[in-house]
Amino acid sequence: MKPFPTHPDAIPAELQDVMDRLGSVAIEVANRIARGGIDEDLAGLCGTNTDGDGQKALDVIADDAFRVALEGSAVRFYASEEQDTAVTLNEAGTLALAIDPLDGSSNIDTNLSVGTTFAIWPAAPRPNPSFLRLGSELIAAGYVIYGPQVCMMVSFGKGTQKYVLDPGSRSFVLVDRAVKVPPSSTEFAINASNYRHWPKPIRAYIDDCVAGTEGPRGRNFNMRWLASLVAETHRILARGGVFLYPRDSRKGYEQGRLRYLYECAPIAFVITQAGGGATDGENPILGQTPSRLHARTPFVFGSAEKVARITAYHDLPEQETSALFGNRGLFRS
């Protein structure tokens, strides 16, 4: 059975075959994760990627599976977190696909949700120009989350769709054609252990949230942190709120930690198509062009009002950050 047997009109015809291939591999990856520890150790380290990050066994397994499945498809160039350079799959192809085959793989041994993120551009004649381009030129992007439910959230530029994997039929069922980010929430996600390294506008924003009813926001907030980008995204699409992974003063974190091409760009596309916002803290993510395949960027996304507020903190002169948003009690929503 095809992985997307229902609502054939929901996927553009020129992308149907590629989506079928992505969906089929996602179903197999989900099954492999569910059997982790029975047949093999999926959490064991087996190498490092181009940026020196440790690769889990399932990182490599998933990358190989997606790459092989896309051979002979319309995908001309394939760029992966697990590959140093882009790979040519089909010289006659018309698409360029960037992918993180297994985002959040550090969570495999703890049984927390992990996922796959992907982004699709029209292919240029050569690999680098196909990928080193504006995020706004994406024609499709999405993610799969392997959790209690296996879900795919995807956009083809006309809103964000939600599919749920039916284990019985081993197919993805369209359950929502127009997912929307809730406009308001009292949740924010950030790794607070890095507070001392953050830029002042980020610290000021978090300080105001932590102050709760006694602070300028006049309400209490809850902090979340899962260390899984797809899990954080899925929660925000369901409940609203904001995710922050800012640049900081540590060596190697000056431009944040998340990769633009196959992490931030696809998530930003899905979120903005669902009515949310996505920036690097100051400027829209989709208005940026990465300088290299594995370029990093600070990342802030979520409910549009929350993202706009954080941008406004950056726009203020340093001496006004606390005064305008604190003592004067503006923007209390």
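Keep in mind that glycine also has a Cβ here, set from the backbone N, Cα and C atoms.
For E81, D100, L102, the entry in Swiss-Prot reads Mg(2+) 1 binding site. Applying an 8 A CB threshold to same-chain residues 6+ apart, the list for L102 (Mg(2+) 1 binding site) reads V29, K56, L58, D59, A62, D63, V114, G115, T116.
Cβ neighbour count for D100 (Mg(2+) 1 binding site): 27 (other Cβ atoms within 10 Å of its Cβ, all protein chains included). Swiss-Prot lists D100, D103, E263 with the feature Mg(2+) 2 binding site.
Taken from Swiss-Prot, the feature substrate binding site covers D103, G104, S105, S106, N191. Secondary structure at S105 (substrate binding site), as computed by DSSP, is helix. Listed in sequence order, Q55, K56, L58, D59, V114 are the same-chain residues six or more apart from S105 (substrate binding site) with CB atoms under 8 A from its CB.
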How many Å lie between the Cα of E263 (Mg(2+) 2 binding site) and the Cα of D100 (Mg(2+) 1 binding site)? 7
Rounded to whole angstrom, what's the largest C-alpha distance between any two of D103, G104, S105, S106, N191, listed as binding substrate? 17
Do you know offhand how many angstrom separate N191 (substrate binding site) and E81 (Mg(2+) 1 binding site) by C-alpha? 22
Out of D103, G104, S106, which of these binding-site residues is nearest E81 (Mg(2+) 1 binding site) by C-alpha distance? D103
Going by DSSP, give the three-state secondary structure for E263 (Mg(2+) 2 binding site). helix
